[in-house]
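Annotated features, as they stand in TrEMBL:
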- 255: active site (ACT_SITE)
- 313: active site (ACT_SITE)
Ligand code: ACO
């Protein structure tokens, strides 16, 4: 609580219910996430990303024909408008960071008055990210392949190689797991924008800006950096102890809403286990598990009874690294998953058609008297 006594102001809107939604529900005490009726553990590892988007938009999974039509509609919209490509080339020449380039390029998707902006945004965000990644690395973009599914095409466009089934499954599990998460900051930003009857592209551009911040989607890389810094299992305890002694937070642990283990961490841990069983660096995976075990033990000593647990970022970092993604693609890849939820929330907010307009409490001075400039 903040503000003067008697005020109903709540700092950070903590605990304030800002919408009724059918898209997802988060129970922080039970450690449960429901995505349009399905527990995250039930659906994330099974659905394709196309099925997940369809579910969040329509509140039902598609049947075979509906799914084929939806896959085709997304694949048919992957080509980037010339203005988007031009902007990405200009941004690449200036070394603009990935998330800024994504925000600017997403804005160009509104230039030609799109007939279905939600579909365009979901279809094209991964194309923008992969295209820009290649331009930044001095490579020409890979042309999207309409025969590939959404997740497979993203991996294909990053390095020009057709990904294996295990990699595609791991990425889809990740994208599904992060597709929506209650009234998180970027989703709220999108709903506020669309509630003014502004357009969907503007809402998603605002959401990308909110996701970029380090308190939201901007920090999965540091969790992996700690594992690299530790280097071998024997170093885990001294390195982590020293960080805690210096008052640092251990990245990938703790959560504002979850007071028990983040259910998304378990889903991604299982996906990472499968991915690293067939592919990737087994030693790094084993080391990460050791780091996690040690961190949990030390955090219990550090804040006894607070039950600080592994959060989604720890296994996000491991899984995306296992897929060969560099750390600067972690947050853009988060956006590629979360745009499913953002667009679903925009459509839901539109059907409600109610301006979001809270109040503020004035705490400044009153009854001041105007003085001409020379007398101030
Ligand atoms: N390492 C060390 N100490 C911690 C950690 C951590 N990871 N997390 C919490 N604590 C400490 C806090 O400093 C606090 O100590 P204090 O009482 O002496 O001040 C105590 O535990 C309780 O903290 P909470 O109230 O649970 O933390 P809060 O809700 O303010 O913060 C947050 C949650 C920001 C996620 C925090 O746990 C953190 O900084 N974690 C590390 C960064 C991280 O992994 N971020 C990604 C989160 S997942 C997501 O947002 C998608």
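Residue 1 is the first one shown; counting continues down the chain.
A Cβ is built for glycine as well, from the same backbone N, Cα and C atoms used for every other residue.
Those TrEMBL annotations? Automatic predictions, nothing curated.
Counting other C-beta atoms within 10 Å of each candidate's C-beta, the active-site residues 255, 313 are led by 313. Straight-line distance linking the Cα atoms of residue 255 (active site) and residue 313 (active site), rounded to a whole number, equals 10 Å.
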